[in-house]
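Per Swiss-Prot, the features are as follows:
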ACT_SITE  C112  active site
ACT_SITE  H249  active site
REGION    250-254  region 'ACP-binding'
ACT_SITE  N279  active site
Amino acid sequence: MIFSKISQVAHYVPQQLVTNNDLANIMDTSHEWIFSRTGIAERHISRDEMTSDLAIQVADQLLTQSGLKADAIDFIIVATISPDATMPSTAAKVQAAIAATSAFAFDMTAACSGFVFALAMADKLIASGAYQNGMVIGAETLSKLVNWQDRATAVLFGDGAGGVLLEASKDKHVLAETLHTDGARCQSLISGETSLSSPYSIGKKAIATIQMDGRAIFDFAIRDVSKSILTLMAQSDITKDDIDYCLLHQANRRILDKIARKIDVPREKFLENMMRYGNTSAASIPILLSEAVQKGQIRLDGTQKILLSGFGGGLTWGSLIVKI
């Protein structure tokens with residue numbers, strides 16, 4: 001049988017840094033108010049780079065690190081809710097920029113679960129035997145979706161990209177997976193709505209910026225995500241002691257605290273970087289993974305079991321247990 005493994009990781013964030021104190025200069029907030037509620041102190045905001053620019057930086061790093069030629073890449077999946085345009089896909093721009101002429105490329109929209117969903121799909125593509133090498137990238141410029149007068153959401157989000165190179169392997173590395181969607185709760189977190197605008201249509205006012213029911217999302221993360229992780233471990237016969245690190249979507253430090261208690265995994269196993277990046281949606285998990293590899297916490301030698309878990313708009317949530 002053929003399986004997939006993560007062989008390389010990379011991340012990139014825009015240079016411009018916006019601190020909580022910077023935000024306090026343009027809206028009614030303070031560092032203390034933001035940090036005590038979220039664990040976020042600063043975030044990177046793009047000055048002139050688009051989502052594709054961030055993703056291309058990651059793809060270039062993955063190619064360089066791997067030593068592969070661009071035409072060895074079979075597919076590129078970009079998870080994003082903030083593409084440059086609805087057409088062409090962000091992934092198509094990445095494919096062109098790195099000259100991966102043999103690769104097919106497409107975007108995936110699953111909000112903050114996007115990287116996990118895309119990684120699960122990429123694993124199946126390689127397991128099919130038809131493809132050998134693929135890139136999965138989470139990339140966002142959420143700053144263009146934020147209402148900068150709304151302190152409830154503007155303080156949360158940042159821009160960035162992270163990704164992995166998947167290669168075919170004779171050993172199984174994706175050990176367990178669970179993916180979920182509940183569209184009945186979609187109005188809890190929305191952005192980028194469009195309206196009908198033809199001469200033959202009756203349009204309604206569209207909601208362009210991020211709108212969030214914070215309490216509903218907080219409760220959803222604690223309840224549904226915790227339950228799905230516990231079920232995943234039970235069904236796969238993987239215990240909390242088997243897990244080396246938990247890399248969850250970086251939405252809010254309080255959410256991580258509560259999920260750690262719910263699933264009874266030591267809090268120190270939960271890596272975090274939202275203090276420096278904020279919520280980067282589909283990019284948060286791969287950025288966290290890339291940094292953990294840089295720091296030597298995760299070794300990429302196939303000996304560690306890592307829980308990856310994303311949750312967000314849709315509502316969507318999903319988890320993978322991978323051997324890295």
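Our numbering is plain: 1 for the first residue shown, then up by one each step along the chain.
Yeah, the Cβs are placed from backbone N, Cα and C, and that goes for glycine too.
Everything Swiss-Prot records as a feature, shown here on the structure.
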{"residue": "C112", "record": "active site", "DSSP (3 states)": "helix"}
{"residue": "H249", "record": "active site", "DSSP (3 states)": "coil"}
{"residue": "N279", "record": "active site", "DSSP (3 states)": "strand"}
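With respect to their backbone Cα atoms, N279 (active site) and C112 (active site) stand 9 Å from each other. Residue environment of H249 (active site) contains 31 other Cβ atoms, counted within 10 Å of its Cβ in all protein chains. The C-beta environment of C112 (active site), restricted to residues of the same chain at least 6 apart in sequence and closer than 8 Å, consists of H249, A251, N279, S281, A282, S284, G310, F311, G312, G313, T316.
A 10 Å cutoff on Cβ-Cβ distances gives N279 (active site) a total of 24 other Cβ atoms nearby, all chains included.
In the predicted model, the region 'ACP-binding' (250-254) shows an average pLDDT of 97.
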